[in-house]
Amino acid sequence: MKVTETNFVKGFIRVTNDAFQKGWHERNGGNLSYRVKDSEIAEIKAALKTPTQYIPIGVSVPNLAGEYFLVTGSGKYMRNIILCPEDNIAIAHIDEKGENYAIVWGLEHGGTPTSEFPTHLMNHSIKKEITKGKYRVIYHAHPANIIALTFVLPLNAKAFTREIWEMATECPVVFPQGVGVVDWMVPGGKDIAVATSKLMRQYDIVIWAHHGIFCAGEDFDLTFGLMDTVEKSAEICVKVLSMGGKKQTISSQNFRDLAKEFKVNLQTDFLD
């Protein structure tokens, strides 16, 4: 079977195309990675190259040793993935130490995985550990409204969570644990990877101030849906602020009633 004919690659491509259409990926902005299932690797094993040269990841992720990841390429444009996936995405294999990777498919005209690969892998490592392997997708995008709010809201989890929750009733149900926030940091390195992965122990959503947002989930639909929900709520917030601010809103007691009805455990630190 051709790699591009598999359901997991088709799903990956659909996310990148839908997200570009949303306007979340200017130029080569944003990135996506998926921890491939053993059964999916078995389908395409004959199409994968034997690893010959491993490259340091820059971080250590021993619980990902031997795993395969489908990932967007560095400098590649999301809008081009649907046109030529073989040149814009790659499957990378992690070595037995969890410290190096090798490209076994894709990036046919050369290249490397996204510069945020260390952050992706550290987040995958945390999510694999705490979800017992259920989470497989890490997604980074540049949605305009979320980024805009990082210039006007306090850069802390409580402030962001309350504002985002209050803008759409479904938000506390979709992400009851809230959202984490990382202060502005230089992207692409170990420091921001460590900071993000620490917050991923508590949240599925981590905002990078003045830059973008990371979301984690079990599959493509859930992860894309999470990003879409947060950004739509942020858009409402931006519109409310532009109209002079809130005159009424959803109260903490309303949130408690909602949590009881939908049987979700809200992060009570974010309630009054």
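Just so you know, glycine gets a Cβ as well, placed from its N, Cα and C.
Per TrEMBL, these features apply:
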- 10-238: domain 'Class II aldolase/adducin N-terminal' (DOMAIN)
- GLU116: active site (ACT_SITE)
- HIS140, HIS142, HIS211: Zn(2+) binding site (BINDING)
Cβ packing number for HIS211 (Zn(2+) binding site), 10 Å threshold: 18
Residues flanking the Zn(2+) site, with Cβ no more than 8 Å from the Cβ centroid of HIS140, HIS142, HIS211 and excluding those residues themselves: GLY29, GLY30, ALA141, ILE147, PRO187, TRP208, GLY212, ILE213, PHE214
Rounded Cα separation (Å) that holds between the residue listed as 'active site' and HIS142 (Zn(2+) binding site): 13
Binding-site residues compared (HIS140, HIS142) - the one with the fewest other Cβ atoms within 10 Å: HIS142
PLDDT averaged over every residue in the domain 'Class II aldolase/adducin N-terminal' (10-238): 97
DSSP state at HIS142 (Zn(2+) binding site), helix/strand/coil: coil
